[in-house]
Structure formats: C-alpha cells, structure tokens
Amino acid sequence: MIERGKFRSLTLINWNGFFARTFDLDELVTTLSGGNGAGKSTTMAAFVTALIPDLTLLHFRNTTEAGATSGSRDKGLHGKLKAGVCYSMLDTINSRHQRVVVGVRLQQVAGRDRKVDIKPFAIQGLPMSVQPTQLVTETLNERQARVLSLAELKDKLDEMEGVQFKQFNSITDYHSLMFDLGIIARRLRSASDRSKFYRLIEASLYGGISSAITRSLRDYLLPENSGVRKAFQDMEAALRENRLTLEAIRVTQSDRDLFKHLISEATDYVAADYMRHANERRVHLDQALAFRRELYTSRKQLAAEQYKHVDMARELGEHNGAEGSLEADYQAASDHLNLVQTALRQQEKIERYEADLEELQIRLEEQNEVVAEAAEMQDENEARAEAAELEVDELKSQLADYQQALDVQQTRAIQYNQAISALARAKELCHLPDLTPESAAEWLDTFQAKEQEATEKLLSLEQKMSVAQTAHSQFEQAYQLVAAINGPLARSEAWDVARELLRDGVNQRHLAEQVQPLRMRLSELEQRLREQQEAERLLAEFCKRQGKNFDIDELEALHQELEARIASLSDSVSSASEQRMALRQEQEQLQSRIQHLMQRAPVWLAAQNSLNQLSEQCGEEFTSSQEVTEYLQQLLEREREAIVERDEVGARKNAVDEEIERLSQPGGAEDQRLNALAERFGGVLLSEIYDDVSLEDAPYFSALYGPSRHAIVVPDLSQIAEQLEGLTDCPEDLYLIEGDPQSFDDSVFSVDELEKAVVVKIADRQWRYSRFPSLPIFGRAARENRIESLHAEREVLSERFATLSFDVQKTQRLHQAFSRFIGSHLSVAFEDDPEAEIRRLNGRRVELERALATHESDNQQQRLQFEQAKEGVSALNRLLPRLNLLADETLADRVDEIQERLDEAQEAARFVQQYGNQLAKLEPVVSVLQSDPEQFEQLKEDYAWSQQMQRDARQQAFALAEVVERRAHFSYSDSAEMLSGNSDLNEKLRQRLEQAEAERTRAREALRSHAAQLSQYSQVLASLKSSYDTKKELLNDLQRELQDIGVRADSGAEERARQRRDELHAQLSNNRSRRNQLEKALTFCEAEMENLARKLRKLERDYHEMREQVVTAKAGWCAVMRMVKDNGVERRLHRRELAYLSADELRSMSDKALGALRLAVADNEHLRDVLRLSEDPKRPERKIQFFVAVYQHLRERIRQDIIRTDDPVEAIEQMEIELSRLTEELTSREQKLAISSRSVANIIRKTIQREQNRIRMLNQGLQSVSFGQVNSVRLNVNVRETHATLLDVLSEQQEQHQDLFNSNRLTFSEALAKLYQRLNPQIDMGQRTPQTIGEELLDYRNYLEMEVEVNRGSDGWLRAESGALSTGEAIGTGMSILVMVVQSWEDEARRLRGKDISPCRLLFLDEAARLDARSIATLFELCERLQMQLIIAAPENISPEKGTTYKLVRKVFQNTEHVHVVGLRGFAPQLPETLPGTQTEDTPSEAS
C-alpha cells in the first residue's frame, strides 16, 4: 500500500508577529484558534503563498488595509510582512519518504506601490534532524538572530553534503517540481491551471459553495482529453499541410505552365528573329544580284529612251503648228452650227406659238358666248330670288300679324291692313293710283301680257346680238391675220394688202420647194471636197512617216511591197509567240510545283521534328511507318505490364494503409462495432484496459487472451443476457468477460507459461495452447511498434508506387505522342525531302527566265518592224480609194455656185415657214374685209334696255297677283264667319309660307350655283385673254429675234453645219490626240528618262549599300552562328518551317512573343533587363543571349533530385508527370486523413460515458457525507440538449450534411461549427470564428452540464445553492465538492506521474466556528477516510477530538508586537501532551 505524502510543518520567517515560527501540521486536522487579529489569517496566507507564489492571483481579503487606495496593488500581502528578508516554507515528506522543503523568499519593495518580491525555491535531501528555522536564520547570541538572504542560504546548503538547492525563475518550473515529487495533486502547466488551483484553495479557505467552483466544475472535475484534441489537431494540421501541398503543387503547375509558356514564347521570339535574319541574308544576296542585273538593263533602256525622245519632239512641233488653223476653222463651224440651231429653235417656237394663238382665239370666242349666257341666267336667278324673298317676308308678316290679331280678337283688322298694304304696293309698282281690289284681276292679266311681250322682245334682240357678234369676230380675225403678216395698217387698207400678200405667197412657195434638192446636191459636193482635203492630209502624213515623198502613181506598188513584208514578219511573230507561250507555260508549271512543295515543306518539316523527338524519347531510329506502328504495339505491351505492377504495389499499399488505420483506432478496437457494443452494454474493451501494457509484455497478454483479446469487460453478465437476444450487428465471435473495468486483472484464467507460449486452462476438459505472436498488436506500445514498421513498409511501397506511376505516365505520354504523330504526320513523315526538289526546280526556273529574257529582246525588234509595216499598209488602204478625188480640181467652184442658189431658196422657205399658216387662214376669209360691221354696240345697248323692262314687268305682275290673292281680306260677313275664315286663312298662310320658303331656298341655291359658275366662266375668260395677249407678244418678239439672227433655218442646214463642225472637230481631235499622245509620250519619255536616271543612281547606291550590308551582315551572322553553336541551341532556333514564312509574318510572330515575354519576365529583374537589351534590332546576337539566359534560368530551377535532365523542355515534361502523380497521391491521402463524423461522435460519446462513470464513482464517496439537515451530496452530469442533437446528427444523419464535411475549403472543426450553427440557429455565436467554435465542440467537456445537489431534510434532492443552505451546510457541502475535485485531479494525474507516488491532500477552512460539532466531526471523519490534511481557523476553540490545536494570542512586549503560540494535540482523558517546539514563547529579536 502506497503511503500518501504529508505536509509536516509550515515555517514563517520575519512575518508580522512571527519572527521564526514553525507550525507542525497534524496528519488530519490542524486548528488555529485565537481572537481577532491573533494571526490566523497571516498563518494561512503564508501557507498559500508558499503553495502558489503568483502575485497575479494572491488576494487576501481579510486585510487590515481594506478600503485603502493602494489595496488593489497590495492584495493583502505587503502588510503581513516585516521589513527585510522574509520566508514561508513548507516541510513535506512524500510517498517515497523523501523530505522536500519548498518555500518562497519574500521582500517588500521600497516605493509607494507596496509591492512584494517573491522568489520560489526547493530543498531536497535535507536530513530529518535539521529544522527549517535553522536553515534560514543565524543565531548571533542568546537574544538575537539574523535572517539569511537567499544567496547566503544557497551557500549554506551547498556546504551540506547530499542537499540540493533549486531556485526557480518561473512559477511553472516550481509547480512542475512540486507535482513530480507529489506535493500538489495536479500539474499546473499554465496560468489558467494555477488560477484553478488558487480558486480551489480560496474556496476552501473562506468556506461555502464557491460560485467560481460550481460554475467551472467541468474544468475542475473533467480532465482535458488532450490526446483526442491533439489527434484532431494533428489530423487537421495534416489535412492543412496536405491542402497547402496541393495548393503548392497547383502553384508549381502554374509555374510549370509559366515556364512552358516562357520557353515557347522565348523560342518563338528568338527563332522567328533568327530565321528572319537567315531569310533576309539570303534575300539580300538575291537582291544584290538582282540590283546588278537591273543596273545593266536600265542603262540600255536609258539610251533607247533618249533616241525615242528626239523623234517625238520633232513630230510634236509639226502638230503644234497645224493645231492653230484647225482650231479657228472649228470655232467658226461651231458658231455657225449654234446660229443654225438657234434659228431652228426660234422657228419651232414661232410655229408652236402661232398654233397656240389660233387655238386660244377659238376658245376665247366660245368662252365669250358662255359668259354672256351665264350672265343672263344670273340676272334671272337674282330676280327670282328677290321675288321669293319678298313673298316670304310678306307671308311671315301677314302670319305674325294674324297671330297677334287672333290673340286679341282683332284678326279682321290685321288682315284688312295687310290687304291695304298689298294694294298700296301694287299701285306704286304699277303706277295705278285708281287700282281697286275688284280691278286688280283685270290689271293682272294686262301686266302679265306686258311681261310676256317684254320676254319675247328680249329673246329677239338676243338672237340678233349673236349674229352680229359672229360677223364682227370674223372681220377682226381676218384683220389680225393681215396685220400679223404685213404689220400695222388701217382697217380700210386691209382688203388690198391681203390680196397682195396672197399673190406673193404663191411665188415664195414655189422657190421654197427647191430647197431640198439644192441642199442634197450641196451636201454631196461638200462631202467630196472634205474627202479630197482628207486624202491630201493623209498623203502628206504618210510621206512624212515614210521619210520621203511619193507620187500618186507609186502608191499601189508600195502597198504590194508592204503586204509582202507583213506576211513574212507575221510568221516570225506567230512562231515566237508560240515559243514564248511554251516557255511561260513551263515556267508556270515550275512555279506551281514550287508553290505546292513550299506549302508541303512546313508540314514535312513538322513531321520530321516530331519524328526526331520521338526518336530521342525512345532511342530508336524509324525509317518507315511500319516500324512506328510496331514500336507503338511494344509501347502498349510495356504500358500494360507497368500498370499491372503499379496496381499490385498500390493494392499492397492500400492494405498497409487499412491496417495502419485499423491499428490506429482508439482503444485498440479493430472492429468499430465493438465500440458500439461496449457502449451499449455499459462495458469497456479488454484492449482498452490493457492499453498501457508494455511492448515486452504484449506477446504474453496477446497469447494469454488469444481470440478473446477483443472481448468486452462488463460489470455483470446477467444484466446483458437479454440484450444478446436478436443481436446481429456484431462480429462472428463476441467474447464477454465479467469484471470491474476499474480494477481488472488477469486472474480469470488458469495459465501455465511455457517457452514463448502459454497453456490456458479454460475448463477442466478444455485447454488452449497459444504461442507468442511474432508481431503482437495487443496494447498501445505493440500497436505503435507495428504501426511504425508498417509506416516504414508503406514508405518503401509509396516510393516504388511513385516510380511505377512515373514510368506509367511517361509511357502513356510517349504513347500519346506516337498516337498524335500517327494521326497527324505519319502520311508525310517518310516522303521525299521537298526542299531538295525545290532547289532543283529553282535552278530550272532561273534557266527559263534567262531564255525568256533573250527571246523577248529578239521578238521586240521583229514586232516593231511588223507594226511599222502594218501602219504603212493601213495608211495606204485609206489613200488608194481616194486617188480620183486627188485629181479633181473644179470641185471647189461647183460648191460655191450651188451654195448661192440654196441661199435664195432658203430665204423663200423661211417666208413660207413664217407666214404660211397665216396666208392659208386668210385666203378663205379675205372677202369679209370688204365691209366693217360697226352697229354691234347699238345692239348691245338695246339688249340691256329690253332686259331691264322684262324685270320691271315681272315685279308688277307679282304685286298684282298678291292683291288678287288678298281680295277676301277686304270684306268679312260677321265675327263667327270671321273666326271660321280666320282658321282657314291661317292654314292657307302657313301653307303658302312653307311653299314660299321652299321656293326662296331653291332660288338662293340656284343663285349661288349660277354665281359660282359665272365667276368660274369669267375667270376662264380672263385667263384666256391674258394667255392670248402674252403669246401674241412672245410671237412678235420671236419673229424679230429670228430676223436679227440672219440665218436661214431649213431642215438640212443643221445637219450640214453639224457635219462640217464634226469633221473639223475630228481633225482637231485627231491632231490634239496625236499631239497629246506625243506630249504624254514625250513627258512619259522624259519622266522615264528621269526615272531611269534616278533609278540608275538609286540602283548604283542600293547596289553598293547592299554589297556593304551583305558583307557587314556576314560578319554579324558569323558571330550569331558561333554563339548559337557554342551554346548548343541551333536545334531549337533553326526551325526550317519558319523559312517559308514572310518577314512580316515572322516579325509579327516575334512581336507577339515579345509582348507575352514582357509579362512573363516582369517579376524577374535579370531576364527583364536581358529582354530589354535584346529588343535592339541592330544587335541580333542579344536575342540569342536572352534565349541562352532563359534556358540557364530554367536549368537552375530544375530539381535534380526529382528530374534527371539538363534540358528545360524535357524537365518540364518530367515535372508535369511528377506533379500529376503527386496530385493524385495527395488527393488520396487527403481522403484517408479525413476522419468521419460518425467516428468523431463515437469518440466523444465514449469519452462522455467514461467520465460519467468516473463521476458516478466519485459520488459513491459522498453518499455518507452529512451536515446538519444535509443527508447526502452528489454531482449530476448531463449532456446538453443542443450538443446531444449534434451527436445524433453526426452519427446517424451525416449524409444530409456532407456538403460541409466534404468541402475542401473547410477544416473539420469549421465544418463541425457550421453544422452546430445550422442545427441551432437561435444561438448567438458572437464574434468567435468557426475554427474556435469547432475546437470547443471537439472538447467533450463542452457537451456536459454539471451541478451539485444535496439531499436536505424532507425536501429531497435540491440544487446546492448558498441561499437554500445554512452556513454550516454550505461549508460542509463545499468542502465535500473540493475533496471530490482533489480526488479527481489525483486520478487524472496518475497517468502523468509515477504510480508509486500518492500526492499530499490539504485544504483550508477559515472561520470554522460556524460549523456545529456534528459537522466538524463529519469533516474529521472525511479527512480520516480520504487521508486528507485540513487546516482550520476559528476564533474559539472548537474542541476537536482529534488533531492538533494551536492557540494564538497577539501580545505587545517592550513596544514590540508578537504572537504567542501554544500547541495542543487532541483532548484525551490524560493531560494534553505538549508538542515539541512550543514550550517557549516565540520572542522576536532584531536581525543584526
């Protein structure tokens, strides 16, 4: 039995009232008794300070300086010390019987802050005979002693043999030593742990149920599952590292793409410029040769152009002299044509206007008659409308008067007045003063007859008016015709003049008939004259071109000679044309073939490059497509074998991973179902109980238990019998062992140990022989050893798998390269070299071009002679038909004679044309000019007077008719008849009024209609008169203008004038055309000469410059080639397919690559500077330097441990394969690292169940504790509802939330926090991050709620709160909980410390007088049962039956304050035994 460590004594040195006092501590209860201020709290403060020397925690509330402003800094410690060095030391003896003295040196720090300096220390190996006071004091004499400083104490202890002194700079180290030596129950690693320990001591010191303790019971009682947390942290760290590695791989892949892009663009940039310079060098050589050939050709052309210029200048001078006379003749002919055209247009206008005037004259006469008729009709309509208006007004007046009279019974008087009024009006109009109603009817007949007579007379005058008007218009028309022909004349002379004009018109018409024959004759003669002049001009021109004068008789012989020459030259030209066509056709065929080959050459070169790459990659040479396909089949077989081997290694690696994963399960359970069953049965796995077995014992225990090594240990087998019924989800063999998991041993079997084997006697008739396994996995150490060996094996397998994966991917990429080659290049890769064929065809093309140039020169001379002969024949063909015209000399005189006769005939034709129509109209009406009708005006006046008379007669007849109608109004018989008559009269008046109003409406409508019609007729008449007058004036003006022109306008004059003008224009145009041709040719010749001269100068300059450039470029090109060959990059740069691109295409390719390179090297200062220098077009070697720098830059970044090549291109290919393999491997590793949510829930549930069982065991120790009415105390541990829901979801519904746990963006902790928020949206998470919340959720303690309950009196179990308990009950309950906490700490620390140490247990209790005797006795009993030490402070002696009691009395002696201490050991029947060291009072003395 391991003895528990004990505190032996407490020593106070130089404290307030205690100079050198040692309190021996009882093994159970030490009581400090005394009044107020006796020093009880100081003694306990010294103990606590030595136990927890942390000034941030120490705070002694029972201080004499309460309320002081510096109290917050003092914390109650400064006032308990004396000036100088102070000590507080604890003398302990642990379970190993080692004496350890731990303590602190305290010293007040001068200043206003009242600070205290604390230095912890420890002393080991001190003999039991040495007292603590002897160590730190030095006796000066009988009455004086001195306190040693810490340095002096160290020196003193160094002199003692076997004594170790340790001074600590950190409280953590101090507490670590105390924990290791069994002085404190818990390892205090941090300030948080020290705070918990201090709160525990403080809670016990002041008694009661501490709220700080009860609120944090989980932290005090439940141990931190650091292993699980660390496992999760390691898992997340591994996942994070894995993801960072994947991200780094992605970055590396991006860098690989960047490097690949850099190589590609750098190659395009430099190779395009390299090939462009190579092409330009070849082009410059060709240009230099072309310049030299063109220079010689241009000199020949210049000499020929100079000869040609002299001939054209002479001919141009002759044409300039002839152009002046032709221009004058052409201008005269143009003017004459314009006059003739003007006269013809004038004549046409005159004829058109005369026809218009005749038509207007007829329309004007007709319109006059229409207007006259319309005016008469208008007068009648006006009279009818006035009469209708008067009648309506009269009837309305009568009807109105009648209505008024009818209303006042005076109708008769009104009607009589109306009749009188009508009678008076009739008298006035008819001039009949004696008119009566009786005679009105007779007068009505008379006036109606008068109206009829006036109407008849008006009609008679209207007929006479019409006849007179017709005669008058005929005379006027004839008179106007005579005046138009002869001009103004008297009306009396019109007859004579008209007859003379008719006789003259007959003669003029006869002459006019001869115009057309004369004109045709003249036109014929003029045409012959012009042909004669043209023949003379052609003859002169022909003689000029031939260079000699020819007679007319010699022309036919010359024509035959030229035709013979043309025939001979034509054969030569045609044969030359065929020969030239054949040469050109062959040249075109060659050019087409070369173009076809040039188009095929890049494809062939690309195929060759691809074939060379394949040959380099596989180390084989291919000469035919069959060899390529055969090698591809070999690749497929090799790839299949590698894949099979890789899959075998991968399967073994996966098996190792699965075994590692199985062995890494917590508790050593190889089957997850065992954990669930253990939780279900309330048991513990046997492997978990033996988890701490050593590696040496693992084979023995593995053989001992054999197949039952995975059994479940349950407290009672009988209680789970029912649960075994229907159990299916379990291993095939499930072993159950009955036993206490807390104190399980291997006594369940009878076993005999043999050599490397055991014999287990399971029953009397059943034994089991088991050998020790060579690879035991029973116990954590064995599993870790096995896991370590498996990890080593896995590393070897991983390396082999990586190598095989690399080989497989390399083979696959090679297979893909062969497949691409077969699909893209196989058809052309093994064809003949097109470049060699191009060189051969180019040589033949040069020969053809030379032959064509020679042929063209010879053919040009023959063609020139042929053209000259054809031109001479053409001129003679135009001359020979006109030889008879050249001999006719009287042609010009005949033309002049016919011209005079034509002029006379044209003058007569113009007279007939001008006045022929007027004469034809005058001839039938000339007889009306003999008499002039002057009585027309008198007839018009008579007609108007008759019209007025008819209107007056009509009005008189209407007035008399009204009187006759009103005759009934003049007499009435009586009033009744009058009323009856009135009614009839009223009706008649209304009917007449309606008829009169209708008649008035019709009259008004007719009046308006006829008025509009009359207005329209009048307007038309005015328009016709105006148009007639205007056209008459225009006709007179046109006739005067025609006379002013002075040209006879006949039908053939315009044609002759136009023909003459056109002939002159043709001659002038031909002359000008020839002159322009000569001028242009001369200008062109001069320009050509100037261009040739300038071209010669330029060619000479270009030729010399090109020669210099070729020579200079040759030197630069040699330097470039030397640099390319020295650096071994010619294969990369000399890309033959680029030779077929133009300079612009290559420059564009280089510029595009340059733009991409600027972006690619923007972050690399060295490459950026080299690239900037390489942009100089005059220094092509700098581009080579840049390309070399890029390759060197990439070579430096090749990891030679992974990639074994110096070529960056090959390195990139290998890097791509390696990165792909790493990505695949890391992705699978991430999937294996990720823990399932079900596993997390099981781990947390299992931990919670284990801790609940542990708390249940701790509760058993509290069942017998009672204080006052408190019969028992217990702890309740419950799982929070929200967290229980989380566990359920994690274990059973995890599929619904895979979006969280499968996310690569979230760690497991963050996913867990997101799930918790999703399940509990009502909970505010504050400002905490998901990672922090997730880490809290991985701690099982946050899932539990703990509370203290007491069984008090009749109330039963209640929640332990200070308000529900008495002071003594609260103190006892709190002490019980603190004891439980200490015991829990010890259990937790047992795994961290040696099992041979049982730590000290000590608690405090201040003001213990508040407890009754029973409670004190219970405390004593609790301390005895739990082997716990207790220090109690009380004002009065509490009379303990056991333990040690110190009586403290503070006294003043000689102005010096000190505490008098008396110690007693228990109260027994015998006298109390005086404890050693307490017989004399403690007399303080000043330190020297």
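The backbone N, Cα and C atoms fix where each Cβ goes, and this holds for glycine too.
Feature list (source: Swiss-Prot):
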BINDING   Gly34, Gly35, Asn36, Gly37, Ala38, Gly39, Lys40, Ser41  ATP binding site
COILED    326-418  coiled coil
COILED    444-472  coiled coil
COILED    509-602  coiled coil
COILED    835-923  coiled coil
COILED    977-1116  coiled coil
COILED    1209-1265  coiled coil
COMPBIAS  1051-1065  compositional bias 'Basic and acidic residues'
REGION    666-783  region 'Flexible hinge'
REGION    1049-1074  region 'Disordered'
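Shown on the structure are the features that Swiss-Prot records.
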{"residue": "Gly34", "record": "ATP binding site", "Cβ neighbours (10 Å)": "23"}
{"residue": "Gly35", "record": "ATP binding site", "Cβ neighbours (10 Å)": "11"}
{"residue": "Asn36", "record": "ATP binding site", "Cβ neighbours (10 Å)": "9"}
{"residue": "Gly37", "record": "ATP binding site", "Cβ neighbours (10 Å)": "15"}
{"residue": "Ala38", "record": "ATP binding site", "Cβ neighbours (10 Å)": "23"}
{"residue": "Gly39", "record": "ATP binding site", "Cβ neighbours (10 Å)": "28"}
{"residue": "Lys40", "record": "ATP binding site", "Cβ neighbours (10 Å)": "25"}
{"residue": "Ser41", "record": "ATP binding site", "Cβ neighbours (10 Å)": "22"}
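With Cβ pairs under 8 Å as the measure, the coiled coil (326-418) is packed most heavily against 977-1116, out of 509-602, 835-923, 977-1116. Confidence annotation: the coiled coil (326-418) carries a mean pLDDT of 79 in the model. Cβ proximity to the ATP site centre (mean Cβ of Gly34, Gly35, Asn36, Gly37, Ala38, Gly39, Lys40, Ser41, cutoff 8 Å) flags the following additional same-chain residues: Pro1435, Leu1448, Arg1450. Classification of Lys40 (ATP binding site) by DSSP places it within a helix. Long-range neighbours of the region 'Disordered' (1049-1074) within the same chain, counting only residues 6 or more positions beyond its ends whose Cβ lies under 8 Å from a Cβ of the stretch, are 319, 322-323, 326-327, 329-330, 333-334, 336-337, 340-341, 343-344, 346-347, 515-516, 519-520, 522-523, 526-527, 530, 534, 537, 906, 909-910, 913, 1042. Sorting the region 'Flexible hinge' (666-783) by DSSP state (H, G, I as helix; E, B as strand; all else coil) yields 44 helix, 26 strand, 48 coil.
For the compositional bias 'Basic and acidic residues' (1051-1065), the number of residues in each DSSP class (helix H, G, I; strand E, B; coil) is 13 helix, 0 strand, 2 coil. Look at Gly34 (ATP binding site): DSSP puts it in a strand.
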